[in-house]
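Chemist: Here's a structure for you.
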Amino acid sequence: MKFNKLSEQNLSGKRALIRVDMNVPLKNGVIGDDTRIRASLPTIEHCLKAGAAVLLMTHLGRPTEGEPKPEDSLAPVVARLSELLGKPVRLIADFHAGVELAPGEVAMLENVRLNKGEKKNNDELGRAYAALCDVFVHDAFGTAHRAEASTHAVAKFAPVACAGLLLSAELDALGKALQAPARPLVAIVAGSKVSTKLTILEALADKVDQLIVGGGIANTFLLAEGKAIGKSLAEADLVEDARRVIAKIRARGGDVPLPADVVCAKEFAETAAAATKNVAEVVADDMILDIGPDAAKQLAAIIAQAGTVVWNGPVGVFEFDQFGNGTKTLAQAIAQSKAFSIAGGGDTLAAIAKYGITDDISYISTGGGAFLEFLEGKELPAVAILAERAQ
């Protein structure tokens, strides 16, 4: 897919409108984690260095359109951004009369989700945004799966529409992992429900050499292979779907390696006693909360041989240390592997942070839903419009 890149644009004296993702956790006006603000800095600084006037826009939370409340304001975000940039950042409540900005200055439009028509991708609002710039820069991969006025309509009407540094890097990394992967391609897909990730599992079944499943998803796959799982979280109605995924991969010469041993408990609790056992020994009141050490070793060996690893989801309840060994072992295997690795999803990022392997993953995706939809092979509307504008 070809799209215009920010790095190719002449920005001297131009007005750059950048759609960033600064939807940070806020409690009582205090930012809980500023990772997303920091992730946007390279694109902002690139535009400033190139001589542009920089206008930013982002959403924050889920406010009601047309009904601004103090807690929906970007004021705390703007204050933090100003600290990080070391320069003032203006917050603009009303942009309809235009925005006066000199090259080297930075301003932020108030929360785009307060604007009527934002969620519905309203063309009139898109035109109003586009009128504020010479170059529109999309740099919010986390919102790329949504067609909204600040991600899609604006890109239709801006004089130039391009991908920012973060979005370009994200698309390059995902393309490398899925469109032309170094083989073997190993995907780790874990989570509580097959139903939420069935389309991903089916899409990956056509691409991967090894599909490692974990969590409640693995329990459903164990059921599909005729194993007893006690009172573990699973979806009995999706057993046939799981069988179909297994058959599809095996028909291509790949596999879904399921654990031969597991770590069980009688209750789901931080204080629960962990018991490691062979899958054949699982009894009616057991809950499987992690893969066993033998399974972890076997999967780590598969990862060690991989050319590409795509990771979405921890394989056990790693928040409780006694059920974290499986995720920790796989995380360390990915960190030590020579494979190109890409990881995404909130729980996955928490596991990466917990086991201190951030610097050992080739690419950490910033997009939750967008990352998953890309894995499914779905077209991301905000990326598709950039490709269209590049023609």
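Including glycine, each Cβ sits where the backbone N, Cα and C put it.
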Chemist: Check Swiss-Prot for me: it has D21, M22, N23, R36, H59, L60, G61, R62, R113 binding substrate, so pick out which one of R146, R183, R243 it puts in that same site.
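Modeler: The candidate from R146, R183, R243 that Swiss-Prot ties to substrate along with D21, M22, N23, R36, H59, L60, G61, R62, R113 is R146.
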Chemist: From E170, E319, grab the residue that Swiss-Prot records in the same ATP site as K197, G345, G346, D347, T348.
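Modeler: When Swiss-Prot describes the ATP site, the candidate it includes is E319.
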Chemist: Counting Cβ neighbours within 10 Å across all chains shown, tell me which of the binding-site residues D21, D347 comes out on top.
Modeler: D21
Chemist: For the C-alpha pair, I'd like the distance in angstrom between D347 (ATP binding site) and R113 (substrate binding site), rounded off.
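Modeler: Given the Cα positions, D347 (ATP binding site) is 26 Å from R113 (substrate binding site).
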Chemist: Within 10 Å of the Cβ of H59 (substrate binding site), how many other Cβ atoms can be counted across all chains shown?
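Modeler: Other Cβ atoms found within 10 Å: 27.
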Chemist: Going by C-alpha distance, which of the binding-site residues K197, E319, G345, T348 is nearest to D21 (substrate binding site)?
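Modeler: That would be G345, the closest of K197, E319, G345, T348 to D21 (substrate binding site).
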Chemist: Can you tell which of the binding-site residues (N23, G61, E319, G346) has the fewest other C-beta atoms within 10 angstroms of its C-beta?
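Modeler: Output over binding-site residues N23, G61, E319, G346: least Cβ neighbours within 10 Å is G346.
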Chemist: Roughly how many angstrom lie between the C-alpha atoms of H59 (substrate binding site) and G346 (ATP binding site)?
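Modeler: Distance between the two Cα atoms comes out at 19 Å.
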Chemist: When a 10 Å sphere is centred on the Cβ of R113 (substrate binding site), how many other Cβ atoms does it contain?
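Modeler: Within a 10 Å radius of the Cβ of R113 (substrate binding site) lie 20 other Cβ atoms.
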